[in-house]
Ligand SMILES: NC(=O)C1=CN([C@@H]2O[C@H](COP(=O)(O)OP(=O)(O)OC[C@H]3O[C@@H](n4cnc5c(N)ncnc54)[C@H](O)[C@@H]3O)[C@@H](O)[C@H]2O)C=CC1
Ligand SMILES: O=C(O)CCC(=O)C(=O)O
């Protein structure tokens, strides 16, 4: 998907063959084996990957994912998208992504800690505040980042907070980082409603996924007065046409580790939920959930892509031909996370702390500017908003490569 999208945009930009090759292929692909002692005394081997797409514009930045579907190809695609996301948001970074093929839901906290520390040790030659700065993604969280900070800092002989972002506040994490991605999704969904002259208050939303991104997107949408009528997670989906009490759902989910069974809503088929009528559909979990078989049935006005890669190229073609859905493409829609990660890294390098209000204000200013840039570019060139976002980003990256010159 990432390569197909790239080729389309490279054609649009008329990139030279040399720049096309240099922009498309990742700089470094690293795979390590991670032996982990399980709690029962046995040892299991996991495969960990980190792909550093480009270092042309600065250190690479991007999350670390723990999921059974992780493989090198997936990580490479996610690293390429991170590259465009950072360029679109004008962050001084290239893109990177990492992952370990494992099922974190079937591992104890002690096993997760041992796996994270061993992976970090294997990565030490390749990461650093000026080369590669990881952050949370699916299946990882601020605790994972704390273990990475500790392992790296122990090796360095001093605390190195800028080695990762998305850390706990006690380890110089940034105010606002935990909610940043979901906040950005909701903020941009409300910007899109404004663009379409639809009222924000009382508009309806369906959110797939209730993890870091989905739960904060839903909570922020609810705080804007939007009605979140459907929410799903890996175990199932729930529905309430009057609007789900998202705060109460969060408390329920913390206790039960699922949204299923929440007393303030009815169960609904998770696949069918995606094609129900609503103003905003926000896929905030997996990739490729909007595909050739359901794109024609979508009844949303706005598709706010909180997840990375939720829409296949085939679905894109169907949505483009329909012309009645306002797409906020992933590299813009979920860029709130990496933007506040950048703020965290800057604060860490300066040994300085900003308030949550400062962080959120700076975040919204950047998101608003990029949103307007993408929507305007798409309109002027009569292209989709995904192609517009990627074109702006790929041109930025290609111009930086060209400015640095060709090979020595
Ligand atoms: N955490 C972050 O700051 C950022 C995350 N993203 C992307 O957002 C997406 C979600 O990431 P996080 O929220 O961090 O992960 P998470 O691990 O915190 O939550 C994932 C959620 O997806 C749900 N889920 C898994 N399989 C599902 C299925 N088949 N149907 C419905 N729900 C399902 C899980 O139950 C959980 O609620 C990923 O694509 C990630 O790459 C993008 C930008 C930043
Ligand atoms: O916060 C970051 O550095 C990266 C977040 C991420 O992995 C993403 O935007 O997909």
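Even glycines carry a Cβ here, placed using N, Cα and C.
Record check, TrEMBL: substrate site residues include 61, 85, and the candidate from 223, 232, 341 also listed there is 341.
With a 10 A radius on its CB, residue 61 (substrate binding site) counts 27 other CB atoms from all the protein chains.
Cα-Cα distance from residue 97 (active site, proton donor) to residue 212 (NAD(+) binding site): 17 Å (rounded to the nearest whole number).
Excluding the listed site residues 61, 85, 341, the same chain places 62, 82, 86, 89, 91, 93, 95, 135, 335, 337, 338, 339, 342 with Cβ atoms within 8 Å of the centre of the substrate site Cβ atoms. DSSP assigns residue 137 (site 'Important for catalysis') to coil in the three-state reduction, placing it in neither a helix nor a strand. Take the Cα of residue 85 (substrate binding site) and measure to each of the recorded positions 137, 181, 212: the nearest one is 181.
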